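Look at Swiss-Prot and you will find 63, 136 tagged as active site. Marked as heme binding site by Swiss-Prot: 345.
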């Protein structure tokens, strides 16, 4: 480097040595090196140490381990007939994006190759503000009632007594909440261990609302990998976890550095509100998928990741996504799990990053932001709107408002009238097991996939107590009795009844 930077303190004062400390001399005794105490006035050293003590911020309670990159989204087909979002209004239009991939249950230092759903969150820096599409690599989820989420996540993490993963906790919760079966079958197929973040799809899971002046539609979005979908066996994933727990993080980084830019095609399924009412399941049920034959995929775009973050902490670790970050033309649906995420995600960002997390560069909208009441707070660093009045409607600060896009009065809209009630979505019916049964049939179309599901479940549940194992066999039998029987046979082969188990 021809002109290297000058080493300074955090306040810009140049210093002569990064590694010296100020101490009292020891020349009056036989030892010639300084032996006296350090001096409190040594700002360079104490400032460095104090900052080091505060380097870590709270990790995400879920999705703690992740990787991310910047890219570009391009509109490929006109879908203005179903969505008025401006970033979609012209074929060929491009929008900058940032995508973060992650595992869900593991801590920040856990393995990328663990059997786990993958987070797939993308921030679109549009001319109407930031749009966050906070998806997963599975089209369904474990729950449909948001009150269960904290309980569920606790059972997938560590036992509060041993601080170890616990097969009893894991399967105890799931078998008591059988609406989880669809996601569990997906997770314990080889799809639960993708080889690479580049080689997996992304799904909205939730239903959303897309709308324009003509009406509104219920939508479900799919990101289909142009690299194909490639998965590992249970043994391959376990081996890679031990040899290279950061493999998928580095795989994404290296591919982009080498110019092998990963890309995904973007599709949407839509139905009208009237069609939604006629389905044999609620479109607000996160444990269900929409049949493609009835609601075909419609192509609308493509995005490519082509730029690595310059600093992992500043950009990937501090990236803050939320499904409440929307733009005109797109809204959350009444899916109760989605509704709960609208609050929970920004709330955890305020906890992890501070109330002004949207001022962090990776989270900052590309367009001008004017919300005069959002002022002050920890780490307010954007000028705080100067002397502008800190309330809307001030006599000396006129503003303009954008008129909402209203659907035609002829278009049916959701209307509600009734009393407040306490409701838990705990009822389970036969349709909750129909789609898991169909998924088993889909696995049967590819050699070895059904066997892999049975093998993967048996490997995991063998560590549980026998009464829990029996519940697991019955749980999978709800989708197809064959599945429960096959799992039972393999578990008993691995862990014969009556054999002693050292659980610790």
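We count from 1, first residue shown onward.
Cβ from N, Cα, C; glycine included.
The model shown is predicted, which means the values in this text are computed figures rather than measured ones.
Taking the features listed in Swiss-Prot, we show where each one sits on the structure.
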{"residue": "63", "record": "active site", "Cβ within 10 Å": "23"}
{"residue": "136", "record": "active site", "Cβ within 10 Å": "23"}
{"residue": "345", "record": "heme binding site", "Cβ within 10 Å": "18"}
Assigned element (helix, strand, coil) containing residue 345 (heme binding site), judged by DSSP: helix
In three-state DSSP terms, the structure that residue 63 (active site) belongs to: coil
